[in-house]
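If you look up TrEMBL, you'll see Asn18, Gln51, Asn71, Gly81, Asn82, Asn164, Asn197, Glu215, Arg216, Gly225, Ser226 marked as substrate binding site. Residues or ranges marked as active site, proton donor in TrEMBL: Cys80. Residues annotated as active site, proton acceptor in TrEMBL: Cys224. The site 'Important for dimerization' annotation in TrEMBL covers Tyr276.
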Amino acid sequence: MLSRKNIVYFSKMHGLGNDFILVDATENNFFFSSKLIQRWSNRYLGIGFDQLLILEKSKFLKTNFHYRIFNANGKEVEQCGNGARCLAYYLFIKKKFNDKKICVSTQNRRLYLEYIKDNIFKVDMGVPIFSPSKIPFLINTEKLHYSLFIQNKSYSISVVSLGNPHCVIKVDDINTAPVYEVGKQLSQHFLFPVGVNVSFMQIISCNKVLLRVYERHVGETQACGSGACAAVSVGIRNKELCNDVSVKLLQGKLKISWDGDLKNTLYMSGEAMHVYDGVIKY
């Protein structure tokens with residue numbers, strides 16, 4: 001028999017193919033290490049996932065829960081938009097989502113999760129931050145565009161934070177975008193001291209974009225919710241996109257809404273999927 005102290009119950013979830021295991025630590029302590037996360041995230045030797053989500057009891061006033069996010073390499077990160085929707089769906093199916101809207105805290109901000117219908121949820125992602133020092137991006141002057149050399153070629157980038165750092169590059173053809181080659185090097189660029197997620201965006205119209213994302217410490221993922229928010233916020237700020245935009249990622253679509261006012265929050269809506277529940281001996 002399994003000893004209770006050596007098992008953890010989890011739910012496998014995904015948001016447009018960006019997959020997670022979610023561990024509910026609100027009732028039982030969960031002890032883990034970076035090495036353990038790396039082993040579990042391995043798609044050949046473990047369960048396989050992009051991120052581990054840990055649900056914890058509320059730590060702040062006027063919040064319902066706290067949640068933490070760890071990339072597949074075991075590093076804790078600040079934000080995950082697809083993870084937030086999966087967290088909302090988990091709370092909904094486990095009957096812990098008692099109101100139409102609840103508030104959860106993350107490493108550096110609060111998120112408001114709203115039930116729309118079925119398995120569709122809306123997330124208040126907060127206000128996009130363009131100040132380099134707050135991203136962080138080691139440049140003194142805030143601009144709409146910056147030039148960085150990667151592989152002896154100059155790339156025009158825009159930077160923004162939605163609770164985690166993002167770099168956005170406009171491309172003419174999403175299918176030929178250098179996601180791995182340029183994305184990997186940019187994600188580790190010395191001007192981004194904590195790394196950066198790199199989004200490649202092809203604008204189809206003012207309310208439709210195609211997107212691929214190289215996530216720091218992970219690689220290209222099937223979808224990135226905060227990356228979609230970052231790309232749209234940059235497009236709206238550059239007056240290239242409307243206030244409501246459909247973002248087509250590798251495995252589906254997200255709706256991003258923002259009025260462009262730096263005092264107002266940005267919203268993301270999309271599906272979340274529950275795949276199965278399981279138990280791990282460790």
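Heads up, the Cβ atoms here are built off N, Cα and C, so glycines get one too.
Values in this document were obtained by computation on a predicted structure and should not be read as measured data.
Of all the recorded positions in the list Cys80, Cys224, Tyr276, the shortest Cα-Cα distance to Asn18 (substrate binding site) is found for Cys224.
Checking Cα-Cα distances from Cys80 (active site, proton donor) against the recorded positions (Arg216, Ser226, Tyr276) with a 10 Å cut-off leaves Ser226, in sequence order. Comparing Cβ neighbour counts within 10 Å across the binding-site residues Asn18, Asn71, Asn82, Asn197, the minimum falls on Asn71. The substrate site, placed at the center of the C-beta atoms of Asn18, Gln51, Asn71, Gly81, Asn82, Asn164, Asn197, Glu215, Arg216, Gly225, Ser226, has further neighbours from the same chain whose C-beta lies within 8 angstroms: Asp50, Ile69, Val77, Gln79, Cys80, Gly83, Val213, Val218, Thr221, Cys224, Gly227. Asn197 (substrate binding site) sits 9 Å from Cys224 (active site, proton acceptor), taking the CA atoms of both as reference points. A sphere of 10 angstroms centred on the C-beta of Tyr276 (site 'Important for dimerization') encloses 8 other C-beta atoms. A straight line from the CA of Asn82 (substrate binding site) to the CA of the residue listed as 'active site, proton acceptor' spans 6 Å. Around the Cβ of Ser226 (substrate binding site), a 10 Å sphere holds 29 further Cβ atoms from the protein chains shown.
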